Every structure is written in C-alpha cells, then in structure tokens.
Amino acid sequence: MKLTPAQQDRAAGVLLGQAIGDALGVPYEFAPPIVAGDAFMAGGGLGPYSPGEWSDDTQMTVCIAQVSATGADLTTETALADIALAFYRWRHGGASDIGNQTSAVIARADLCIGGAAIDASMSKFELGIEWFHAFEAAATEYAASHPRSAGNGALTRNGVVGLTRLGDRAATAAAARAVAALTHADPLVAASCVLHAEAIRVAVTEGRLDIRSGLDLLADDERDQWREWLDQAEQQDPKSFSKNGFTVTALQAAWSAIHHTMPEHPTPDHVDDALQLAISIGHDTDTVPAIAGALLGARYGVSGLRHDWRRRVHGWPGLTAHDLIQLGLLTAAAGIGRQIQAGNWPRVASMLHETRTLAVPLPADPDVVLGTEADLPRAAELRCDAVVSLCRLGKGDLAPWGVARHLEQ
C-alpha cells in the first residue's frame with residue numbers, strides 16, 4: 001500500500017484536527033453552554049491553559065503517538081509497556097489536568113508497583129513491563145469496583161490509533177482495544193474506540209465519514225445496541241448528549257455534531273461548523289470536539305483546517321502543529337511498512353539545498369520578492385513580512401519567523 005498525496009494530507013490532519021478541537025473547547029469545559037459559533041481559542045479552562053494550548057486529552061494522545069510513530073504493533077506487550085510508562089511519566093511530569101478515572105488507575109498502578117519501578121538497576125524495557133502489568137491490573141480492578149467505569153478518557157486519546165495500520169482494519173481494531181484497556185477495561189470503552197478508530201482509518205484511506213464502518217468489527221451481541229446508539233446520534237438534537245462523560249454519549253455527541261452539520265457537498269467549512277456545534281453541547285467541551293476533530297481532520301486533512309487555528313495550536317511537551325503533522329505521517333507510513341527515514345521530510349531540521357540567491361522584485365509588483373530557498377535566511381534583511389514557499393521546509397528553517405507563524409500545506 002502506498003499513500004496518495006490526498007491520503008497523506010488526511011493522515012497528517014488527524015492529530016492536528018484533534019488538537020484544534022481540544023484547544024477550541026478548553027475554555028468552556030464544565031461551564032454553562034455557549035452558542036454554536038461563539039467558541040474561540042481563549043485558553044483558561046481547567047489547566048489553566050494558554051490560548052491555543054491543548055489539554056490532557058491531546059497530551060495523552062502524544063504519549064501514544066510517540067510510540068506508534070516507530071511503527072510498533074500497539075497490541076504487543078512491548079509497545080503497551082512503552083505507552084504505560086509514558087502515561088506514568090506524563091502524569092508526574094507534564095499533566096496539566098487529568099480525568100478522574102485515568103488518575104485513579106494511574107494512582108492504583110503506582111501503588112501496585114510500590115516503588116519497584118524506580119529501581120535504578122532496571123532496564124527501560126523491564127520498567128515498562130512492570131508498568132504495563134500494573135496498569136492492566138489497576139484498570140481491571142477499577143472496572144470491577146465501579147459500575148460506571150466506561151468513561152470517555154480512552155476514546156478522547158484514540159485518534160492516532162486509527163492511523164496505525166491503514167491497510168488492516170482488524171489490526172486497527174485490535175490496537176484500539178489494547179490501548180483503551182490500559183486505563184479503561186469496560187467493554188463499552190473498547191467498542192467505542194474500535195468504531196472511532198475504524199472511522200478514522202476509512203476517512204483517511206477513502207475520504208468519507210462513516211461512523212458505522214466498524215460495526216462488523218464488534219462482537220455479535222454488541223452490534224445492535226451500537227447501531228441503535230448511532231441512530232440516536234443522528235436523529236436527536238446534539239444537545240441531548242450533554243452528559244458526555246460516558247464513552248457512549250461522548251461518541252454520540254461528537255458524531256451528532258458532525259452529522260447535523262454535514263453539507264450536501266463536503267467542504268472544509270464543515271470542520272468549523274461541527275466543532276462549534278460540538279462545543280455548544282456543553283459539559284466535556286474539550287473532549288467531545290477532540291473526538292470529533294480527529295474524525296474531521298481525517299476527512300478534510302491539514303489543508304481543510306483553518307489557518308488561524310493551525311498557527312495557534314500548541315501544547316505539552318512543547319509541540320506545535322508541525323510536530324503533530326510529523327507524528328501523524330510517521331505513524332501512518334510506518335504502519336504500512338514505509339517508514340520515513342531520518343533525513344527525509346518531515347524528519348529533518350532543514351530542507352534548504354539551494355545555495356544561489358536571487359531576491360529580485362516582481363516586475364508587476366515590486367513589493368513581492370522572488371527568490372530561492374537560499375534567500376530565506378535573508379527574509380528580514382529583504383524586508384519581507386511573509387514568505388510563501390513552494391517546497392517543503394524543515395522546522396529549523398522556520399527559526400527566523402517562529403513556528404507559531406508558520407503554515408504547512
């Protein structure tokens with residue numbers, strides 16, 4: 001399997017779309033509902049977060065993506081160990097906020113290990129395996145002792161899982177179940193993640209939104225109930241899904257917002273309309289648009305996401321839109337056996353190869369300067385306040401301008 005440019009654009013949009021939905025909804029979490037269309041990246045929320053900063057939802061997704069970008073099979077003990085250890089380290093070294101169930105499971109896992117995991121003599125692999133088994137036990141125990149253990153915390157970090165095996169729907173579903181189970185052992189959580197991941201895989205590979213595409217991947221006794229829940233999402237007012245801390249209602253809310261804003265002829269305006277409606281539902285206003293944003297990014301790609309949002313979005317651990325694009329592309333490519341090697345975009349600091357400068361004014365408009373990539377470091381000297389590049393750039397090439405002012409297409 002080889003990805004077309006359009007499929008690459010859509011794969012690159014998954015994490016970025018999620019992060020945009022997350023950051024857009026941050027200011028309104030658990031606050032009185034707002035009118036659809038009034039949301040903007042104001043920051044604040046439970047962090048508090050700076051304007052455009054994503055929350056714990058995308059922070060945990062990054063933990064997964066840093067493992068999936070290597071091409072690791074997320075159903076293996078080794079990969080799950082790496083994710084579990086990343087979750088633990090994030091909880092104690094980067095989490096600006098955390099869901100109640102995830103927090104309880106990590107705390108219980110910490111108690112299970114009782115300090116053994118910080119033994120300096122242990123290898124990273126041994127350390128990770130300890131944490132994987134501790135997470136597994138803690139999640140199972142939590143589900144057994146809490147009747148309402150199907151929270152939305154696994155679903156909201158699930159977007160990147162849909163990129164892990166674009167050519168294999170069964171493997172994608174297995175990965176969704178395995179990663180969800182690290183903190184959420186309830187079967188409803190696994191099913192919601194399977195549906196979400198498969199819908200993302202289909203959106204990237206086929207360019208269409210279909211939340212029912214994964215129904216056949218569920219157990220026989222789950223399908224009818226989920227079909228009914230998805231029908232409700234399309235038939236009922238999106239605002240009826242305001243109790244969206246539950247994984248089922250969270251997926252219903254996200255899909256309802258997407259469905260009720262679906263244009264007859266899909267255009268990128270759908271992204272804005274759907275995210276605004278998702279936020280106006282209320283309650284968990286970063287999580288629902290994050291779930292929806294991953295789907296919308298998978299359908300419309302980076303090129304379909306608003307420029308101002310792409311410039312502003314950022315978050316732990318010091319990442320920007322460029323980094324999310326990179327993680328998405330690396331995950332998608334590695335999952336189909338086409339790893340992007342170091343030295344190739346986007347895994348390269350600089351893409352500048354031309355050494356000849358040009359920098360001549362456009363005859364029809366002297367305020368427009370035509371140049372080569374060798375002129376890029378001279379942009380300030382040439383009094384250019386904007387640069388349009390027809391070739392790819394590395395992150396290091398953006399230093400004179402700052403990545404916050406950079407758009408990747």
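Yeah, the Cβs are placed from backbone N, Cα and C, and that goes for glycine too.
Remember, it's a predicted structure, so these values are computed and weren't measured experimentally.
If you look up TrEMBL, you'll see Ser55, Asp56, Asp57, Asp284, Asp286, Thr287 marked as Mg(2+) binding site. A helical conformation is recorded for Asp57 (Mg(2+) binding site) in the three-state DSSP classification.
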| field | Local Cβ density at Asp286 (Mg(2+) binding site) - other Cβ atoms counted within 10 Å | value | 29
| query | If you count Cβ atoms within 10 Å of each one, which of the binding-site residues Asp56, Asp57, Asp284 comes out on top? | reply | Asp57
| query | Where does Thr287 (Mg(2+) binding site) sit in DSSP terms: helix, strand, or coil? | reply | helix
